[in-house]
Structures are given as structure tokens and as C-alpha cells.
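Annotation source TrEMBL lists region 'Disordered' at 1-32. Here TrEMBL flags 11-27 as compositional bias 'Polar residues'. Per TrEMBL, the feature Mn(2+) binding site maps to Cys85, Asp454. TrEMBL lists Arg124, Lys337, Arg368 with the feature phosphoenolpyruvate binding site.
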Amino acid sequence: MTMDDHVPNKGISNGTSHSDWSPSSWRTKPIKQPVNYGNQALVDKATAKLRRFPPIVTPTEIWKLRRALAEVAQGKAFLLQGGDCAELFDYCNDQAIDSKVKLLLQMSLVLIWGGNKPVVRIARMAGQYAKPRSSPMETVDGKQMPSFRGDILNGYPSDQRAIDPDRLVQAYFHSAATLNYLRAQLASGIADLHNPMEWELGHVGDLELQQKYTKIVESISESLRFMRTVGADTAGQLETVDLFTSHEGLLLEYEEALTRKLKHPSNRNVPPTPKPAPKVSPLTGGALLNPSIPQDPETTGHYNTSAHFLWVGDRTRQPDHAHIEYFRGIENPIGIKVGPTTTPADLTQLLDIVDPRRETGKVTLITRYGEAKVAELLPQHIAAVRQPGTHSGLAMRSHARQHAVHHLGDQNAVFRRDLLGIGRRAEDTQGVRLDFGGRLQDEDLGARYETFCDPRLNEKQALELAFLVAGSQRGTEG
């Protein structure tokens, strides 16, 4: 049994304008990964609460990220996204949050050293509670039970597998609490570049890796001392960083409830929509106004306020289905998973739907092919989006997840091929996305994470890949 399409009673054709779009128009489309809640009244009660809650993120923050991603697409910055594949409510505690933030800061420091350009940091935190599954049921210890679909729907223990609509509300509060603590820590100086050794190296016992990281820190510290000596210290700019949140937009009931029509912020930047030439009156020679054409610039838009950045997964990116219908209407920057089943024609069709105005920084392509396919498929997809008149303002980043719990060598080989596929020049490598779990020993991976998600990188392995990317940018092996 698979997670088959749920087809609604009626449908409408998908257009490229937003005039036929609303936060709920996805309900007119067939949907992958449907959820059978059992009690619709409880779902309605939960989503009604969500609609009354304040936004978790703001349009100003969303547009700050969009402008930063435009810099990435233009080769002026590098994108780092990292965090949990399947975030648990239990991870909403200070130690778990701090360990992941510090790891992102360490990795970004290595990448800044490697590429000599700013790093845009996006955490897979504060909302990554949903998990796509190939089947709604699974067998555990010989017993059939509902699959674990993430804490936003059900729990992993066998006695918590029933879908619980109240978990939608719990997801909101865990997201809000995580981001609230994250903001407080950033405001309190956790990211202060004057004290990078305070980020620690956790459980990284690899002496060579420690030495490489320490060498970078000492080099930065020496540069900061020199700047202070000559009176060019920019201390205020080095005490904090921007760190944005993200998750897969899988559960559309939740995303719809947190989508708001809000006033555009002052930092919004989009190309003007060309207006058709007005018809001329044969009697007066004056212009005839068409009331269906807006005469004033847009002042409001629909923002998903659950996270700064959302992406659509490989299982749900069908052009005529519900998830793409939802994603095409929101102002947030979005990601699209691209893999072996994506043809160049499929990719350009998707981009025409979600980004008809070809806005630089709007869409990020998340590539994940596997070692056998990356050399063949990645150049085809790059060529498809870089043709004249197409979506050249895209950021592309490689997705790295460990294929074997204790062996990183194969993953390094895949990653090297990805980096070479994106471009022979270091400046063509635009970003990296990593699944990691913070401070975990190699031996902890299988015990603590394999049951919730595919094996992911621990702190040591994530830093190794950061040095690998940095080495490719500097023309060395890292």
C-alpha cells in the first residue's frame, strides 16, 4: 500500500497568475501524502486556533532572506542549510538548540574562510516536524500500525501512532518556543565572531579536524586584533548573524492556517509587472481603463508565517497537484527538491508555475541524485535553467545525507561530483544542505536517529563536509 493521491470532488486548471489563487485553493487539487485525521471537527478546531495565533516570522524577515538568496544566486554569497531531517518536540530544549546553532556557526566560519564571501544560514529547525512516508502503515515487531509521520501528526511509540489533530497546535508552540530562544541567544551574543572558540567542538575527537578549525579561528582573531589596532574595528557588525528557519511544507492544513495576507514590508524588492498598453477611445483619443487590470502597485501579499523558507519534496512536486498549487502563491522564498526522476522539461514547467516573474532569489533548487546519477543529470538541469529567457536567477545547492551510518567516504565522493557538476569554477558552487543532529558520536547515530529518519551526519562529519566544500572553493582538498 502506498500514499496514493487523494482526489477532490472538483478541480480547476492551474494558472501562472495569482488571481485564481488563495491559501486554500490547493484543496481543489489531487494531493500526495494525504492525511486521514478521522475526526474533521477536531481538525477544524485546531486550525481555527492556528488562524488566531500571531505569526512566528514576519514579512520583513522573509524579504531579508529573499534578498540574501538573490545574492547567493548571483554568486555573491554562499548558502548553508542544516539541521534535522525529522525534528522532534523533545528537541525544543536549550542544549539541543545550542548544539545545532553552534555547529551551523562553525560550518559557516569554515565556508567563509573557503569562499571569501558571506554565508546565508538557514536552519532546519523550529518546524521540521512532518515526515513523508511511502506507506501509511508499517510493521513493527510483527505488528501492523500507522507509520510515524512526524511529531506534528503522531508519536513514534507504538501507543502514540494514532493521528492527533491537536499536535498541529503543539507544533506551533514548539516552533515558536524554539525560535524565541534562538532569537534570544543571537541577541545575547552566541554568534559573536570575537569569541569563536566559545562555540566549542563538542564531541569532535579528530585531532586533525580540531587543528584545521583552530587554525582558521586564530587567523580570524589575528585579523580582528589588527583591525582594532588600526582603528577599523567593526565590533557591532560582528556580534551577531542572521539565522533563518525552514521546513518542508508537507502538511498543507497547517501551512494554510498560518498563511496571512499582510502588508508588504519596505525591504520588498520585485521586478515590476508589465502592464498591457491601454486601448484608445475612437471618440476622444484618450485611454480606456480596463477595471480588471490593477492600476496601483501591490501593497499586500500572502506570507507563510510558520517559517522564513519552505521547500516542496520530491514526493509532492507534481505540477498539477496540491503542494505546487499552494507554493505558487506565497511570497516566501521556496525550495524544490530535484532528483533522478526530474526531467529538464519537468523542471522548467515547475519553475514557470511557481516563479512566472523569474524573480532572482525566489526559488532554490535542492539537488539530490546519488553517486550513480549526479554526473549525468546535474549538468542537464543546470543547462535547462540557464537557457536565455529562463530562470537564471536560481540558487542551486547540493543535498548531503549520510548513506551509511559509520562511513563517510562514499558521501564525500558524491559530494565531490556534485561540486564538479555545478561548475568547474569555485564561484559556481552556490550552497550546501546537510542533515545533521548536532553533538552525536558515530556510535550514537544508529541508536538515536535511524528509527526516526534516514542516518544523518554528526558534528564531526558535518565539519568534514564543510572543509571539503571550503577546499573546493579554494582549489584544495580542504
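Glycine is treated like the rest: Cβ placed from N, Cα and C.
Shown here: features listed in TrEMBL, placed on the structure.
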residue	record	Cβ neighbours (10 Å)
Cys85	Mn(2+) binding site	19
Arg124	phosphoenolpyruvate binding site	26
Lys337	phosphoenolpyruvate binding site	19
Arg368	phosphoenolpyruvate binding site	19
Inter-residue Cα distance where the pair is Cys85 (Mn(2+) binding site) and Arg368 (phosphoenolpyruvate binding site), in Å: 14
Cys85 (Mn(2+) binding site) and Arg124 (phosphoenolpyruvate binding site), Cα-Cα, nearest whole angstrom: 8
Euclidean distance between Cα atoms of Lys337 (phosphoenolpyruvate binding site) and Cys85 (Mn(2+) binding site), Å: 14
Farthest-apart CA atoms of Arg124, Lys337, Arg368, residues recorded for phosphoenolpyruvate, distance in Å: 17
